[in-house]
Amino acid sequence: MRTILEANSHDDIRFDILSNPEFLAEGTAINDLLYPDRVLIGGLQTPEGFKAQQALAEIYEQWVPKDKIITTNLWSSELSKLAANALLAQRISSINALSAICEATGADIDEVAYACGRDSRIGPKFLKASVGFGGSCFQKDILNLVYLSEQLNLPEVAAYWKQVVDLNEYQKKRFVSRIIKTLFNTITNKRIAVLGFAFKKDTGDTRESAAITLCKDFIQENARIYIYDPKVSEQQIFYDLSGPEVTYDIKDLKKRVTIVQSAYEASANADAIVVATEWDEFKELDFERIYKSMNKPAFIFDGRLILDAEKLKSIGFRVHTIGRANF
């Protein structure tokens, strides 16, 4: 791009390339834009490049404090975007790896995360164990980093970052295996209520959602799946679940998958509930009503650590959560 633009520059007009990566999170994008942690502007380290950086910085200074506007060279800016998402995803995979140890030893992953998060060098953010991260950015940016490392002949670095993605996939497969084992080693023709399909709450985005992997595995095990998500459309769910590893035929898919309009409808006559997205409304459900409507024994698998396991146990549920011993 720079070569083409420079070839078409002349005395009256000049083009410069700037790198201005966004750090907006889905569900909070407007707030992130208005009150950013930082604004990053990368440019060529030339007088013209510095001038271009300053021009863009002056626009941001209309609402962003000057000390939050960072100017770097082009490579630093581009790499910072990849590195930020890679480091966040790394924290999630790290706590998820520890969750497997917690389940095997009887430790509580929330207690471990809280204790570690109180260390000022670590901090509490992105230390919430779950069935796995999703979204359009984390996996894509990590794999970009892996590709870049391989192209720069840094195979050990590439392998390190690839392991973050591999651990995320392992966490999802491990959760499915735990569900199948708990349900007496088979879920064939059993009714599974999947609560949530978006990759996180407060968005309808399903890209790389953990729920997709869970549901595809359930389909391959011949379960009957009832899915409820307050934001994701039925069309999107069937689009995400159709593919060569399941079936391209939507009619065949609909024999195994039903989209419903409430968590109560999904849970009626279910053998198990799987919480795949941390929607706030799932915390407020009438679980006594749900328990009465389910087949017994009634199982809940909390893949987001949002439910009160002790309360559910007192109702009669058999509760399984990420990073904790069974209730």
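Note: Cβ is positioned from N, Cα and C throughout, glycine not excepted.
TrEMBL lists Phe23, Leu24, Ala25, Glu26, Lys81, Phe126, Leu127, Lys128, Ala129, Ser130, Gly134, Lys200 with the feature substrate binding site. Cβ environment of Gly134 (substrate binding site): Phe199, Lys200, Thr206, Arg207, Glu208, Ser209, Ala210 lie under 8 Å away, each six or more residues apart in the same chain.
What TrEMBL lists as NAD(+) binding site is Glu26, Lys140, Arg207.
Annotated active site, nucleophile per TrEMBL: Cys137, in sequence order. Cys137 (active site, nucleophile) is surrounded by 22 other CB atoms, counting those within 10 A of its CB over all protein chains shown.
According to TrEMBL, the feature domain 'UDP-glucose/GDP-mannose dehydrogenase C-terminal' maps to 193-309.
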Which one is closest to Lys140 (NAD(+) binding site) in space, judged by CA to CA distance, out of the binding-site residues Phe23, Ala25, Lys81, Leu127, Ala129?
Lys81
Compute the C-alpha separation of Leu127 (substrate binding site) from Glu26 (NAD(+) binding site), stating it in Å without decimals.
19
Additional residues around NAD(+), ordered along the sequence, whose Cβ is within 8 Å of the centroid of Glu26, Lys140, Arg207:
Gly134, Gly135, Ser136, Cys137, Phe138, Phe199, Asp205, Glu208
Cα-Cα distance, maximum over Phe23, Leu24, Ala25, Glu26, Lys81, Phe126, Leu127, Lys128, Ala129, Ser130, Gly134, Lys200, record's substrate binders, Å:
24
Counting Cβ atoms within 10 Å across all protein chains shown, which of the binding-site residues Lys81, Arg207 comes out on top?
Lys81
Cys137 (active site, nucleophile) and Ala25 (substrate binding site), distance between Cα atoms, whole Å:
10
Just the number: how many Å between the Cα atoms of Glu26 (NAD(+) binding site) and Ala129 (substrate binding site)?
19
